[in-house]
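Features of the protein shown, as given by TrEMBL:
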ACT_SITE  Thr169  active site, nucleophile
BINDING   Arg197, Val198, Gly199, Asp200, Thr220, Gly221, His222, Gly223  substrate binding site
Amino acid sequence: LGSMKPVIVVHGGAGRIFKEREEGCRAGVVRAALRGYGVLKQGGSALDAVEEAVRSMEDDPHFNAGCGSVLNEKGEVEMDAIIMDGKNLDSGAVSAVKCIANPIKLARLVMEKTKHMLLTDHGAHLFAQAMGIPEVPGEKLITERSRERWKKNLEPDSNPEEFQKDLGTVGAVAIDREGNVACATSTGGLSNKLIGRVGDTACIGSGGYADNHSGATSTTGHGESIMKVVLARLILYHMEQGMSPEVAADTALDYMKTRVGGLGGVIVVSKAGEWAARFSTKQMSWATVKDDNLHYGIYAGEEHIKSVDEALASEREGF
């Protein structure tokens, strides 16, 4: 039996979280972290834990992933997702997928059932059908909020950039008892994006990276900026040079800001089970469970701590 203490960290997106959505975002990341930790506690793999945590947030309309995803210029949902196994560097990803509830599940199937790492659009759709993944009507994934925002952004004097700050990509990283790490990231992308736009989420090393030799990380923020600096891999590189997860995350985020003017957030777990949740945006919803303690927050410097038992009890009462 492995001797590692399991750890899970999740994020619900970096950016600006509007007041009326704060509670829902907090509750959503806490729920996802508790679910992922439940998997780890029962001896489950880091891979299963991150998939479960992300699936929980895809199903939560507060986040820009799965149900609740933002709309592209044509008013449709196109989603990206990635999952990676730190044991052997296997990864699976999908991009521009429509009409499925849980892109992260499909990414996992790409990793396990094909020789490929990334399937896109129509090909991903055919693969989903072959795997028996139920199709959901596109409207099912669209929330009132996403449609309102899309309409606002279509107005001639609108500034979609203003709304991009409220991003909400979701992600998770974990280490299990065996010392294996994994990451998962899922997103609806940018509001009013061009049809076929793929951001950092589906790209290995940008949207996420996991390697047992160093750790795992999942990113959120301005996708194009994240891709330019290959943010997830950059953080692990800094850790390989001896930096702590927190310093590595801050160093990489700082570089992204000064070099390309990009803002974002990251969650990290090291191969030793140390974790960090850092961001250069105004806010990022995040939660982590380690040693049966739940930590969570949204604002810089905000950190609530509860025992897992207490958190699970209030979870049952509806948070």
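Backbone N, Cα and C define each Cβ position, glycine as well.
Whatever TrEMBL says is automated annotation, not expert-curated.
Same-chain residues at least 6 positions away in sequence with a Cβ under 8 Å from that of Arg197 (substrate binding site) are, in sequence order, Asn72, Glu78, Ala96, Gly189, Leu190. Cα separation, Gly221 (substrate binding site) to Thr169 (active site, nucleophile), rounded: 8 Å. Remark: Thr169 (active site, nucleophile) has His11, Gly13, Ala14, Phe63, Asn64, Ala65, Thr185, Ser186, Thr187, Thr201, Gly207, Thr219, Thr220, Gly221 as non-local neighbours, by Cβ distance under 8 Å and separation of at least 6 in sequence. Around Gly199 (substrate binding site), the C-beta neighbours below 8 angstroms that are at least 6 residues distant in the chain are Asp80, Thr187, Gly189, Leu190, Lys193, Gly207, Gly223, Glu224, Ile226, Met227. Within the set Arg197, Val198, Gly199, Asp200, Thr220, Gly221, His222, Gly223 that the record links to substrate, no two Cα atoms are more than 16 Å apart, and one pair reaches that distance. For the binding-site residues Thr220, Gly223, counting C-beta atoms within 10 A of each C-beta gives the highest total at Thr220. Counted within 10 Å of its Cβ, the other Cβ atoms near Gly221 (substrate binding site) come to 28, all protein chains included. Least packed by the Cβ count within 10 Å, out of the binding-site residues Val198, Asp200, His222, is Val198.
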